[in-house]
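Participant: Below is the structure I would like to discuss, written out as structure tokens.
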Amino acid sequence: RMAPEPFHRPNSSSSFFILVGVPSPGAFPAGLGILFCSGYIITLVGNGVVLLVIGLDNSLRDPIHCFLAMLAVIDVVMVTSIIPKMLSIFWLKSAEIGYVACFLQMFLVHSTTSVESGVLLAMAVDRYVAICHPLRYQAILNRQTIAQIILAIVLRALLFMVPLTGMVTSLPYCRSHVVPHSYCEHMAVVKLACADPRPSGLYSVAGSSLIVGMDMAFIAVSYGMILKTVLGKKSCWKAFSTCGCHLCVLLLYYVPGMVSIYTQHFGSGVSVHAQVLLADLYLTLPTMLNPIVYSIRTKQIRLAVLKLL
């Protein structure tokens, strides 16, 4: 019997994976398609409007709006890497995805989540400097510093994802090619390898835990210092109101993400159907709600949108 061939030399019958979508006989694929399509349109329009008003309005050139624009770009890239394929599964029954497309999707999903976490940390630092060192705000967060922060965020994501992608693509895939997910989720794909997937799994868990844990720790320190500075002062409520949007976005990003990740790894009692829906919502819900939160709660963005309309 011939040895199974790895992914980079696939035979014609196994050069792709098959995405199940939501693996449940009771699921309503057409209804789910409408739900995710509506969310995708809201995400594109909402983030597009935010990018447009920041680009057109010269008064929105400060660091926080620069980070907000980066957040909008990441959100659009993230949902565009998964939603169109999900819709083709739900509506066109086109479940096949080529190896290269699958690994590219995996790379985009995981690198954008890492970048988004970094941007949320940068926004927390911005709020700390604005509230605790208002007179030095422009000097500390100048254009050069902002460019360096953005470069560091992107490089960190690449340094995490390039080795992981190399580990995943070097595995031989000779078992079932059916991925019980709506997109090429890392853990779901490596479980199909006929070699030991534990090294890439351990690297993924350790790397993502380190990134998210470090970011959350620094965000907590930033807000702790903000609290220490404003507590008991007359400007206390005003300071908290300027942080309100960021806190909402933090909750939208980290809470569903942590619930989804822990459910995937430790939720043996949670159905596969629920796990897949949680993973899908974790990537799509924050991207849809972020621009709405900022448009409603940020006076500058709200006035800029009204002016544009």
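Any Cβ shown, glycine's included, is placed from N, Cα and C.
Automated prediction, rather than curation, is the source of TrEMBL annotations.
On a predicted model such as this, the values are computed, not experimentally measured, just so you know.
Okay, so TrEMBL annotates it like this:
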- 46-294: domain 'G-protein coupled receptors family 1 profile' (DOMAIN)
- 32-54: transmembrane segment (TRANSMEM)
- 66-91: transmembrane segment (TRANSMEM)
- 97-125: transmembrane segment (TRANSMEM)
- 146-168: transmembrane segment (TRANSMEM)
- 205-227: transmembrane segment (TRANSMEM)
- 239-256: transmembrane segment (TRANSMEM)
- 276-296: transmembrane segment (TRANSMEM)
Participant: Where among 32-54, 66-91, 97-125, 146-168 do we find the most Cβ pairs under 8 Å to the transmembrane segment (205-227)?
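Facilitator: It is 97-125, which has the most Cβ pairs under 8 Å.
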Participant: Counting only residues 6 or more past its boundaries, what in the same chain has a CB within less than 8 Å of a CB in the transmembrane segment (97-125)?
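Facilitator: Sequence-distant neighbours of the transmembrane segment (97-125): 7-8, 10, 15-19, 64, 67-68, 70-71, 74-75, 77-78, 81-82, 85, 149-150, 152-154, 156-158, 160-161, 164-165, 168-169, 173, 179, 183-186, 189, 204, 208, 211-212, 215, 218-219, 222-223, 246, 249-250, 253, 257, 283.
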Participant: Which residues, given as numbers and ranges, are at least 6 beyond the ends of the transmembrane segment (276-296) yet have a Cβ under 8 Å from it?
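Facilitator: That would be 20-23, 36, 39-40, 42-43, 46-47, 49-50, 68, 71-72, 75-76, 78-79, 82-83, 86, 109, 113, 180-183, 185, 245, 248-249, 252-253, 256-257, 259-260, 263-264, 302, 305.
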Participant: Could you give the residue numbers and ranges of same-chain residues that sit at least 6 residues beyond the transmembrane segment (66-91) on either side and whose C-beta is under 8 angstroms from one of its C-beta atoms?
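Facilitator: Non-local partners: 19-21, 29-30, 32-33, 36-37, 39-40, 43-44, 47-48, 50-51, 54-55, 97, 104-105, 108-109, 112-113, 115-116, 119-120, 122-123, 126, 146, 150, 182-183, 249, 280, 283-284, 286-288, 290-291, 294, 301.
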